[in-house]
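Asks: The following block contains the structure, expressed as structure tokens.
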Amino acid sequence: MASRVSVGQLLSVSMMLLLITVSVAADDHVLTLDHTNFTDTVSRHNFIVVEFYAPWCGHCMKLAPEYEKAGSVLSSHDPPVVLAKVDANEESNKELASKYEIQGFPTIKIFRNGGKNIQEFKGPREADGIVAYLKKETGPASVEIKSAEDVTSLIDDSKIFVVGVFPKFSGEEFENFSVLAEKLRSDYEFGHTLDAKLLPKGELLVNRPTIRLFKPFDELFVDFQDFQVDAMQKFVEAASVPIVTLYTKDPSNHPFLMKFFESPNDKVMLFINFTGEHLDAFKSKFKDVATAYRGKGVSFLLGDLEASQGVLQYYGLKGDEAPLGYIQNNDGQKYLKTKLNPDHIAPWLKEYMDGNLKPFVKSEPIPEINNEPVKVVVGDSLQAMVFNSGKNVLLEFYAPWCGHCQKLAPILDEVAVSYENDPDVIIAKLDATANDFPNDTFDVQGFPTLYFKTAGGNMLQYDGDRTKEDIIDFIQNNRDKTTQPSSVESAPEKDEL
């Protein structure tokens, strides 16, 4: 009788071959994935961690041995935790990187339920920290609190902890709380209990399902009883932000600083010397104002002058103007008050909230001599040199401290020299940390950012390669068609593919 191979045997052989393929492509304890096996590998795991990296990335090189070490430890976990990596710089994998919105390297993502749920890895970048973080992530999103010992191990005065108090672990409220915990597990810690008397603060008797959020600032705990998932999420996110966020050198403040700067609210910042006189008066008056405007779309930050030098530099502010008040809204408008005293804070904020405060427009002085190949544009000359010039203008937004900008500078010089004899093209630069510009026209999210304004008034953002040849090609292809170059150093011709 002729032998036959069943469908089941074929599937088993296919699976074994696939596993062998993946294993061969792996380091000792980290799978190497690419566009050919990524989807299938992820779909077969309830929990898999993937690092998207680039071979040239220094941070990726630093992470590599730590990630491998963590993979070795986690391979012995019960159940094993699978770590993988993808070279997102490889041309054939760039579609994967785009699909998962990889904006920088390294980026680590956690894929759950065969890739149906995806979250950012927000843990440490050293082996022990990676292991501890991922062990927590593989456990339940919310931990049952049964005893005083559980409370002591889970809740302390240095972190945010969210507890659901229930008469029973079933029903719509408990199910919605479980959904919330799963959704926010990478940002917050959750627990649930049947006994409110175990909790360190708050009412001992709870007669209906209640969320109690513990925090190391302001009122220390707050209760909430609307168990719609969206409502709970808004509550947790709002309650976990201090009335006044502190900018100091204390690393425990860093999570709250991230929330402050990522918030869509208008931002009110006060920078003072924390070792100077009147500190208590400033803190008290500023918190009073922040409390009065809580929930009105405004967030408040109090910054220690010494610790805040990077922020001051980013916004182009000067420490010698402190005590310094600074407001920035979502329209890009800025408001500045220098040398203020504690009694200035409340009336200044009232003027702003009432719409009576005049925006501050920041500009360096217009250069008296501007004869370098790359022209200098400042806030006060932007209208004349760019919008009303009637010329084709390539404008770079840069920061003096930006390494990528420094690398681009000699390339832009070469481009500008190529157009020196063309009166209809201007190559220019603007220090975005020292000059204001209209955010509704220029979407500057990082440095350098380049925009091209044609002689006819069209505005285009340049996102091509930062080479002399590519920039010149872009200008030639997009310059106003009615304007003809008189003399341009041509970019080398390229063979068509």
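Note: Cβ is positioned from N, Cα and C throughout, glycine not excepted.
Heads up, here are the entries from TrEMBL:
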- 1-26: signal peptide (SIGNAL)
- 11-139: domain 'Thioredoxin' (DOMAIN)
- CYS57-CYS60: disulfide bond (DISULFID)
- 316-480: domain 'Thioredoxin' (DOMAIN)
- CYS402-CYS405: disulfide bond (DISULFID)
- 477-497: region 'Disordered' (REGION)
Asks: Identify, among the disulfide-bonded residues CYS57, CYS405, the residue whose Cβ has the fewest other Cβ atoms within 10 Å in this structure.
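Replies: Comparing Cβ neighbours within 10 Å for the disulfide-bonded residues CYS57, CYS405, CYS57 has the fewest.
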Asks: Rank the disulfide-bonded residues CYS60, CYS402 by how many other Cβ atoms lie within 10 Å of each Cβ and give me the one with the fewest.
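Replies: Relative to the other disulfide-bonded residues in CYS60, CYS402, CYS402 has the fewest Cβ atoms within 10 Å.
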Asks: What mean pLDDT score does the domain 'Thioredoxin' (316-480) have in the model?
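Replies: Within the domain 'Thioredoxin' (316-480), the model's average pLDDT equals 94.
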Asks: C-alpha of CYS60 (disulfide bond) to C-alpha of CYS405 (disulfide bond): distance in Å?
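Replies: Distance between the two Cα atoms comes out at 22 Å.
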